[in-house]
Amino acid sequence: MSVNLRHEELQLEQEKRRVALRRARELKARIDGYLKEKQNIPNGFEIQEEYCQAKAAILNYFQAGEEQWKDWHWQMTNRIRDVKVLGSLLKLTSEELEDIDKVGRHYRWAVSPYYLALAIAGGVKGPVWVQAIPSIEETKDRYGAEDPMGEEFTSPAPAITRRYPDRLIINVTNQCAMYCRHCQRRRNIGEIDVHKPRKALESAIKYIKENTEIRDVLITGGDALLLSDKQIDWLLTELDNIPHVEIKRIGTRTPVTMPQRITPELCAVLEKHPPIYINSQFNSPLEVTPEAKEACDRLIKAGVVLGNQAVLLKNVNNNANVMKKLNQSLLKIRVRPYYIFHAKAVKGTRHFITGIDEGIEIMEQLRGHTSGLAVPTYIINAPNGYGKTPILPQYLVENKGEQITLRTWEKRIIPYNLGGKSH
Ligand SMILES: *Cc1c(COP(=O)(O)O)cnc(C)c1O
């Protein structure tokens, strides 16, 4: 090889490296803003000191210890639903307490001690607090319907909601460890905890048996994991005995609101019935705590695949950096972001509703800016039970058959010939 050729090759290599370095500098500049902001958006691991203080105060109030804290039955029976308890744990004004009490008489509230400790740690009226503690805004909502999605008209059999060709929901309970203030099924929450009677569940199973196109069954509520291990085992066994049911899904917020529910005994049941997919609802990075991680680790060891369905909520997560930190924190505990739901106008939840532009902007700030694994699908539920509808920023700006125009994540407008011709 001639000395000259070798020299040219080296020069070309150096030029390529220079271009790549310039591009890398550009990419580094794109993330600067987030890296600074991220420091101010703690996740649950980063507020452990505050959490432990709040937990100690609650345990002291109940005269209980670590063993009880870890027991989900203790967490359930000691759910806080009374302003007297709140008032003795925190410095709230009598007006604030009266407001909570007043709203609580319209719309029931109850918070597991675990989730209340997190709410206190995250700050009064912070992103965890507002999901759990009644706000006077709930009574000011004069619009909004009880059932804006017309779910009542999509139930072909007891306990079933069907909106799709090959999958459906079984509603097993109205009970929850914490009653979300943004709950979309408020009308079902009522004043008392009730599991669906065995007879209704048997009718639901019968419907699934008779409709052989159903290959995917979602067990939800309320919170499906508030059934006993025995009831869950029974239901999963019934579903496993139906040859056309290929997968089971469980909808539960317990990994977020009461991770103590995820016991070795429950996991032993779940492990017997693969394949199981569990979707939870983490809405704030503050909810990604060491205890939530432990619960997720156990589920994963039992062979369960984990996903997250966040709800886009004003003053909780209607901010791209918060969503980014949430989704990145979830991936660290092996929970894959699946959906972001646009909140519906259910009566009493208006103060959580955001504009659709906010959701689109969040999607814009996720795609390309962070791992594709951290990018869920943004969904709005169509009225009348017509189903989940994806909303996303426009990336295909022109489509003339072979000649298209793309808009990239950095907002570069690029003509592209699919047939490889230059234009
Ligand atoms: C959300 C939902 C499903 C599941 O939808 P996927 O997009 O498959 O996750 C199924 N049935 C009903 C009634 C639903 O609301």
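Backbone N, Cα and C define each Cβ position, glycine as well.
Automatic prediction, not curation, is the source of TrEMBL annotations.
As annotated by TrEMBL, domain 'Radical SAM core' applies to 162-383.
Summarising the annotation, TrEMBL assigns [4Fe-4S] cluster binding site to Cys176, Cys180, Cys183. In the three-state DSSP scheme, Cys183 ([4Fe-4S] cluster binding site) is classed as coil. Sequence-distant contacts of Cys183 ([4Fe-4S] cluster binding site), defined as residues of its own chain at least six apart whose C-beta falls under 8 angstroms from its C-beta, comprise Ile189, Val346, Thr349.
Secondary structure from DSSP puts Lys388 (N6-(pyridoxal phosphate)lysine) in a beta strand. When Cβ atoms from all protein chains are considered, those within 10 Å of Lys388 (N6-(pyridoxal phosphate)lysine) total 13, not counting its own. Summarising the annotation, TrEMBL assigns N6-(pyridoxal phosphate)lysine to Lys388.
Apart from the site residues Cys176, Cys180, Cys183, the chain places the Cβ of Met178, Tyr179, Arg181, His182, Arg185, Arg186, Ile189, Arg253 no farther than 8 Å from the centroid of the site's Cβ atoms, the recorded [4Fe-4S] cluster location. A Cα-Cα distance of 24 Å separates Cys176 ([4Fe-4S] cluster binding site) from Lys388 (N6-(pyridoxal phosphate)lysine). In the vicinity of ligand 1, defined as a Cβ distance under 6 Å, the following of the recorded positions Cys176, Cys180, Cys183, Lys388 are placed: Lys388.
Within the set of binding-site residues (Cys176, Cys180), the lowest number of other Cβ atoms found within 10 Å of a Cβ is recorded at Cys180.
Of the recorded residues, Lys388 (N6-(pyridoxal phosphate)lysine) and Cys180 ([4Fe-4S] cluster binding site) place their C-alpha atoms 21 Å from one another.
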